[in-house]
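J.: Just passing along the structure, written as structure tokens.
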């Protein structure tokens, strides 16, 4: 597998565009991804009991059609908690886009992100849609889906399947309300592989638990967010089938793209200065390892310690202890940046200057060794700063 300098439109047969329609005052806020032919599609959606109208529309269409031609997205207005009118507006958003592309409405996915409780300004949407073009600027799409993010989040890779080259690309947004299960973000992945929707869903479902569901910024789960994958077969490879070496290769490709997007989201948490990675190793099973890792990275006390560049092993061990996992914790090793701070559940002395250098970096890795098995799990998050409170205190409702 090779990482390339690409966009969401790098896979064959895809294009994208983004622009400023007026959902936000100045920044880009409207865009689409278009496949030149019907693409296999798979999705995972928020687990919040309050589900935004666009998710209802998209989830229904994915289940009904099993194929997709385009995804249209606005940012600035979430169209969540907007009742019957909000649902009607989401369907209208889908229908207008379908009319413009000359396809059936169920072939269109819709997504919205932004302020909850506001109806979509439909004149703004209609005006923006009239200006979107096929084969537009894919980098502008990556900008158009952002809310409080400080940077775009994209990744693109290629892999060979026999004599054919398959390209996969991803783009995401997410900065606050990040505690997916699956939730709190928008992620879109395009691919030109020949793979059915059912097989694509299998690959997505298998990998979401190890990637997007292992990030946390603030523990809040959004009403709006989802991950959609489209694969249109333009690479002309032999169909990828389950339980084959080709499926395993495709799954690893998808896992890499999803993991890179997840890390970019965690690193861009609201007010964040540092990316935190927690590796739990030698656990009795992978699920326990992932639960412990997410417990540590989600701890507000651990987050604030990392912000203050304090190697507070006590907070880390406490988060391990309340993770809800029945694993002995009387023989735990904890390393920060590879430097031991606890061995066999007892603190050890360490070089203060070496630790200071580790804690001062913009990425901090915490390793928890349980000595209870051979499985591992990883989670990602960010530190918790003064700016997080400031950003969310000033955010408009």
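In case you wondered, yes, glycine gets a Cβ from its N, Cα and C as well.
Swiss-Prot lists 147, 173, 184, 270, 392, 397 with the feature substrate binding site. If you look up Swiss-Prot, you'll see 184 marked as active site, nucleophile, on the strength of sequence analysis.
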J.: According to DSSP, which of helix, strand or coil covers residue 147 (substrate binding site)?
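T.: The three-state answer is coil.
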J.: Among all the protein chains here, how many other CB atoms are within 10 A of the CB of residue 147 (substrate binding site)?
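T.: Here the count is 21.
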J.: Given a separation of at least six residues and a C-beta threshold under 8 Å, show me what packs close to residue 173 (substrate binding site) in the same chain.
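T.: 75, 113, 145, 146, 147, 149, 153, 185, 186, 265 - these are the non-local Cβ neighbours of residue 173 (substrate binding site), listed in sequence order.
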J.: Per DSSP, residue 173 (substrate binding site) is which: helix, strand or coil?
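T.: Once the DSSP labels are grouped into three classes, residue 173 (substrate binding site) ends up as strand.
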